[in-house]
Amino acid sequence: MSSSREVIAELLWAEKYRPKTLDEIVDQEEIVSRLKQFVKERNMPHLLFAGPPGTGKTTAAHCLAHDLFGENYRQYMLELNASDERGIDVIRSKVKEFARTRVAANIPFKIVLLDEADNMTADAQQALRRLMEMYTATTRFILIANYPSKIIEPIQSRCAVFRFAPLKKEDVISRLKWIAEQEKVEIDEEALEAIHDLSEGDMRRAINILQAAAALGKVTVDSVYKVVGLAHPREIRQMIQLALAGNFNDAREKLRELMINYGLSGVDVIKQVHREIFSTDIKIPDEFKIIIADLAGEIQFRLVEGADDEIQLNAFLARLAFLGKKLKP
């Protein structure tokens with residue numbers, strides 16, 4: 001098991017450069033400080049780590065266990081992905097069996113780590129609540145959730161809740177630069193900015209994009225957008241500006257080119273349009289941005305409901321061309 005994990009770590013940079021101790025964690029300073037206090041006291045309550053993907057929740061749990069128990073911490077921790085093993089049978093069998101066995105004298109307690117706990121069924125959560133009460137003497141539970149509101153209140157009330165925020169821009173870019181140096185990858189500053197924008201504070205996604213782009217050679221903005229399957233923002237802005245200038249046919253041709261060259265769906269296009277509307281590179285009054293954002297939302301809803309991509313996006317460009325006439329003096 002450990003050998004296969006090591007192979008994966010060598011292949012995936014997100015695993016290879018995953019922090020192993022609390023001191024190595026990027027950002028989340030306040031949370032790390034509180035977790036270090038638990039290590040110092042060798043005691044802690046049940047924990048609920050909540051926040052968006054890629055913000056370090058699972059990593060923090062592993063680092064906490066490592067700092068508590070040492071290099072062999074995995075023998076004192078049961079890790080389950082609750083989205084795969086979410087039913088009451090798993091809770092009653094695996095978790096109960098692990099929790100009921102006593103720990104060695106030098107180990108204060110064992111840890112049950114439930115990743116994606118917000119995907120557990122209601123019955124499984126009720127069973128978990130009872131186990132948390134029964135085995136507090138030997139076991140601590142760490143629950144990880146993207147949506148903590150899906151965790152039943154009786155469990156939330158038994159946990160210390162830690163809310164992980166998206167990582168700060170400077171921390172993401174600094175980490176990416178460091179990884180690029182370790183892997184001897186050449187990367188443009190503009191590409192770092194693009195990776196950060198695309199990852200939206202998700203460090204795991206940022207590292208995966210970096211690794212994928214690095215496979216093509218020097219990491220540039222173009223290679224970044226190529227590996228994520230999105231159009232370069234510059235080209236999206238060109239399409240918008242053509243439509244607003246009243247060049248409907250040219251805008252339509254640009255749209256067709258983008259969809260063919262990048263394999264974009266209608267939803268992909270409208271999401272990128274929505275992002276670029278608020279770019280400082282597009283000079284239109286805020287009142288028009290509001291109208292376009294509202295229209296983009298309407299078009300996306302129709303696309304998700306199954307409407308034809310080409311017809312809806314052409315209608316969107318036509319509306320932009322109509323709005324553009326009002327912009328002209």
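Along the chain as shown, the residues are counted starting at 1.
Cβ coordinates are placed from backbone N, Cα and C, and glycine is handled just like the others.
Annotated features in Swiss-Prot:
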BINDING   Gly51, Pro52, Pro53, Gly54, Thr55, Gly56, Lys57, Thr58  ATP binding site
Let me know the DSSP-derived helix, strand or coil state of Thr58 (ATP binding site), please.
-> helix
Enumerate same-chain residues with a sequence separation of six or more from Gly51 (ATP binding site) and a Cβ-Cβ distance below 8 A; give 'none' if the list is empty.
-> Lys57, Asn146, Arg163, Phe164, Ala165, Pro166
The one of Thr55, Thr58 whose CB sees the fewest other CB atoms within 10 Å, among these binding-site residues = Thr58
Gly54 (ATP binding site): tally of other CB atoms within 10 A of its CB | 23
Cβ-centroid neighbourhood (8 Å) of the ATP site, Gly51, Pro52, Pro53, Gly54, Thr55, Gly56, Lys57, Thr58 excluded = Phe49, Asn146, Phe164, Asp202, Met203, Arg204
CB contacts under 8 angstroms to Pro53 (ATP binding site), restricted to the same chain and 6+ apart in sequence, sorted by sequence, are Asn146, Asp202, Arg204, Arg205
Write out the long-range same-chain contacts of Gly56 (ATP binding site), meaning residues 6 or more apart in sequence whose Cβ is under 8 Å from its Cβ.
-> Pro19, Ile25, Val26, Asp27, Gln28, Phe164, Leu167, Met203
Cβ atoms near Pro52 (ATP binding site) (within 10 Å, other residues, all chains) = 15
Could you tally the C-beta atoms, other than its own, that fall within 10 angstroms of the C-beta of Lys57 (ATP binding site)?
-> 26
